[in-house]
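Visitor: Have a look at this one.
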Amino acid sequence: MHKRALSSAEPQAFTEPDSNGSSQPPQSKKARIANAFSPTKVATKEAAALVDADPPLVKLLEALNRGAVESSGGRSVVYWMRMADLRGEVRDNRALARASEKAVQDNVPLIVLFVIVPQDYVAHDRSARRIDFTLRNLRSLKERLKELHIPLVVQTCPKRNNVPLFVTEFCEKHGAKALFANHEYEVDELRRDIKVIQGALPKAMQFSLFHDKCVVEPGVVKTKQDKHYTVFSPYYKNWVATLNRDIQRFLEEAPLPQPNPEHILQSQQFSPLFAVEIPPGLDGFELDEEHSSRMQRIWPEGEKIAAKILEHFLTTKAQASRLGAVHPFDSDAEKTDTHSRAAKYHNERDRTDRDTTSRLSLYLSSGVLSTRECIRAILRFNKATKLDTGNSSGGVRWAQEIAWRDFYTNIMTTFPRVSMGRPYQEKFADVVWEAHQDNNGSEANVDSDILKRWKDGMTGVPIVDAAMRCLNHMGWMHNRARMITAMYLTKDLMIDWRVGERYFMENLIDGDLANNNGGWQWCASTGVDPCPYFRIFNPYSQSTKADPTGDYIRHWVPELAKVNGPEIHNPSTTTANKLGYPLPIIPHNEARARALRRFKNPGES
């Protein structure tokens, strides 16, 4: 989440190529799982430094090179699908394409495996909304793959430490000598895949991993001194140059998988795999019927839907009426070649009072739509064969958001401590935060009143409250609103960025560890290329820029629905009391002075 009034080169805090009263977020039963599994959320400085000194991605790539084997024999090939691989039409998926190629080459069937790991979802603070969306997409994928006579087997591994053995045993059971997957870049997942290699080698099993999430994979874009970038602007310039030098390599669409031979449907060993059911829900991550219905309406599953959302972003005008919990595109939206949301993106992307963004962040973070397809679409939109950084059009500016996603993933693999609860700027590790929990009562770990007001959208700052109520109702928030709410929590309320980072992940349907962490650390001035600690958003001036009509606030804060003029952004005490709207928790000038003092002198209150 990061920053100020953006210039085109300014960091996109939460970096979505983008992203409606009030209701509370779903209350999951994750506590039941967490009681038996309580992962460490904040690593020690020493442990984090050790990981940074020997990044797991480097170790994994080295292990892949050392352990490379060409499989021979075997009765099947297994493609291990992950949470960011959910393309419903099975298009443009590198690992799936290569697994299919291997199966055809060896004249054996292809099996697709998806492993549900509840402890992973607890460790990564996955939202119930995201799990629901994942299961919906898996059902769609199962039907599509069945048309190709390819079974999708969804199984649950209760303990995350057992996943390497679980997967290799599945391969052994079904005679697979070749296992294919796309990279996952979180620390624990990289370590898990190293263990898979260690388990596969003694069995002479081929384990192949492919870079599929990013346009330009981590580690490729470096300085002339062979160092990793920690500032976005030079990274982006090099990212574009790298991409343009080899468009074919980075943007080539992976071929569709080939169908399995039809006789697999009668195979005594493999035909039962088609009958393996996908669970209707996951204990601890359930949505009630009303909430589930809402998520299906505003976040429909499937690659075809994602492709239509992208098409409408490129070809239709923004609509002021689409602020609420509505379908992601309107079939009746006015078509245009020159005034579409994409064409106007460079000027209007920060507007919260109109649907000026793509709302594709969910489909990108879950892999329902590939990032490569987004760049290919922008090139077609611009009638270009390469990206032109000198072109300031909306399409190019939107493509820069895709680069932000790559940048934060690169940061996470290069400096893995950022995903271990550590600040990138360790000099701010001792900043004094306000207590966010009230442990004086009979219950421990209860949110303080101030934190609860932020979560509930009752801070008395209209733009913050509108954004938080939107999050709680939709599981999504406009990128500019993410930045404003994050800056307000970390600078005005002086509450630890990790508290906000976790709340977002627990409620966002599009939550992505690298982007979410990068955004929060930007706003908290603790991350790479961060907003300087002395540059603190004034939420009221931000409100007038992001919501100039006030319609966003009126929609999400119905108490203020009849307030007109500038007061919509900062109601007077008289107006607030009359309408039953809360007064601000703290005056902004007072909060700003406190934040400046504490960041200038970490450790002092």
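Numbers here mean position along the shown chain, with the first residue as 1.
Glycine residues also receive a Cβ, built from the backbone N, Cα and C atoms like all the rest.
Straight out of TrEMBL:
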REGION    1-31  region 'Disordered'
COMPBIAS  17-27  compositional bias 'Polar residues'
DOMAIN    78-215  domain 'Photolyase/cryptochrome alpha/beta'
REGION    329-353  region 'Disordered'
SITE      Trp433  site 'Electron transfer via tryptophanyl radical'
SITE      Trp497  site 'Electron transfer via tryptophanyl radical'
SITE      Trp520  site 'Electron transfer via tryptophanyl radical'
Visitor: Given a 10 Å Cβ-Cβ cut-off, pick out the one of the recorded sites Trp433, Trp497, Trp520 that has the most other Cβ atoms nearby.
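Guide: That would be Trp520, with the highest Cβ count within 10 Å.
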Visitor: List, by number or range, the same-chain residues at least 6 past the region 'Disordered' (329-353) whose CB is under 8 A from its CB atoms?
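Guide: Those are 5-6, 8, 18, 308-309, 312-320, 322-323, 378, 381, 392-398, 463, 466-467, 478-481, 545-552, in sequence order.
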Visitor: Do you know the DSSP helix, strand and coil residue counts for the domain 'Photolyase/cryptochrome alpha/beta' (78-215)?
Guide: 70 helix, 28 strand, 40 coil
Visitor: Could you tell me how many residues in the region 'Disordered' (329-353) are helical, how many are strand and how many are coil under DSSP?
Guide: 4 helix, 1 strand, 20 coil
Visitor: I need the CA-to-CA distance for Trp433 (site 'Electron transfer via tryptophanyl radical') versus Trp497 (site 'Electron transfer via tryptophanyl radical'), whole Å please.
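Guide: For Trp433 (site 'Electron transfer via tryptophanyl radical') versus Trp497 (site 'Electron transfer via tryptophanyl radical'), the Cα atoms are 9 Å apart.
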Visitor: Between Trp497 (site 'Electron transfer via tryptophanyl radical') and Trp520 (site 'Electron transfer via tryptophanyl radical'), what C-alpha distance do you get in Å?
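Guide: If we compare the Cα positions of Trp497 (site 'Electron transfer via tryptophanyl radical') and Trp520 (site 'Electron transfer via tryptophanyl radical'), the gap is 6 Å.
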